[in-house]
Amino acid sequence: GGQVKSSEKRGAAGAENGAVGSSPIDTRLVALARVLACESEADLPPRSCWTLSTLGALRPPTHPATSPQVGRLRNQSQEIVALRALAGLCLVTLTAFPTTLEDDDALLAHWKNNQSEAPDGGWTLNTELAVKLRRQKKQVLVDCVKFLGELLKEKPKDAATRPDKSGPDPRDRKKNARGFGKK
């Protein structure tokens, strides 16, 4: 039926890391975010297009659209919700690390310049490799956030800020309003 085909598990064009084109984001994660952002099955592309190469495709901002159903949901505001959720997930994951990229760079530079001295009581080759791995994980997350930011820049501002709902904009409340809309 309408299940994602297992042959599409790694995305379009046989991308070994699950990313499409120059996207640093795994197609499986993109597809999941899009499905979760939808309110009903009608918001998804037709069932005949339910593959990771369609549900999980992220086109770089400079890549022309190959099909209206590839790399986009039918409802633009839901597409924006999905992309923002992915960016938020990356940012939350970054905050879980005990150090920043700059901290790791400083640690590695200190180790490189002072290999004879062991900083903090016991710097080993394994410690260096662990810091390098942690730094690379952070760099991947930062690259994903930048890529998603570029995709979100090309979206119309109306769709990004106003969902398809009528009524007053909830952000127009007075700035001193507290709680659940109480004034």
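Cβ from N, Cα, C; glycine included.
TrEMBL labels come from automatic prediction, so no person has curated them.
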**Fill in**
Which range of 1-20, 101-120 is region 'Disordered' in TrEMBL? It is 1-20
**Asked** For the domain 'Rubisco LSMT substrate-binding' (22-141), DSSP counts of helix, strand and coil?
**Response** 71 helix, 1 strand, 48 coil
